[in-house]
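Q: Below are the features I grabbed from TrEMBL:
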{"type": "BINDING", "residues": "Gly61, Glu62, Ser63, Gly64, Ala65, Gly66, Lys67, Thr68", "note": "ATP binding site"}
{"type": "DOMAIN", "residues": "1-188", "note": "domain 'Myosin motor'"}
Amino acid sequence: QGIVLVAINPYEQLPIYEQDVIYAYSGQNMGDMDPHIFAVAEEAYKQMARDEKNQSIIVSGESGAGKTVSAKYAMRFFATVGGSASETNIEAKVLASSPIMEAIGNAKTTRNDNSSRFGKYIQIGFDKRYHIIGANMRTYLLEKSRVVFQAEDERNYHIFYQLCASSSLPEFKDLGLSKCWHLPMLRW
């Protein structure tokens, strides 16, 4: 039993996730301010500190709904209130920790050019003063069906196209990629 926040991806940067907004939500009680990912993060952070028990935030939604961005904002909140934002930039380290996994696990869908096709479990560790000391990201539920099936106007996992584009490089010679199809590459 917990709090539910329904958020909508505006598909553009808005000034509602800035540092001053983090500080505005920090220390507030749930319901004192407008619904926001920072309010949910603050409540989890407070309960972790008060009860000394692990907390979870589940971010769910359809492809392109902004799940990864919402998780990034929650991590930014924890890094800021946990005194780690300037020291370690934990948000950037966690999200950049596995570019190979993104290549293997992301694909183009009709709603999102770089859609994660797997679930992520991000575990953030805190010390006794509630400062972030590390993080771990695990992936699960990779959509294997996309390896053998591709819907119209969608692409399989990026790694397939990256390997095809690199097939002429000497280090890929022994992989037998010489007969790759010439397909357009994804532009980031």
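The backbone N, Cα and C atoms fix where each Cβ goes, glycine too.
Note that TrEMBL annotation is computational and uncurated.
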Q: Counting other Cβ atoms within 10 Å, pick out the least crowded of the binding-site residues Ser63, Thr68.
A: Ser63
Q: Out of Gly61, Gly64, Gly66, which has the highest number of nearby Cβ atoms, where nearby means within 10 Å of its Cβ, if these are the binding-site residues?
A: Gly66
Q: Let me check the 10 A CB neighbour count of Ala65 (ATP binding site). How many other CB atoms are there?
A: 16
Q: Could you please provide the mean pLDDT value for the domain 'Myosin motor' (1-188)?
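A: Mean pLDDT, the domain 'Myosin motor' (1-188): 81.
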Q: Excluding Gly61, Glu62, Ser63, Gly64, Ala65, Gly66, Lys67, Thr68, please set out which residues of the same chain place their CB within 8 Å of the center of the CB atoms of the ATP site, keeping sequence order.
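A: Near the ATP site, the remaining chain residues are Asn9, Asn112, Ser115.
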Q: In sequence order, what residues of the same chain, 6+ apart, have a Cβ less than 8 Å from the Cβ of Glu62 (ATP binding site)?
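A: The answer is Arg111.
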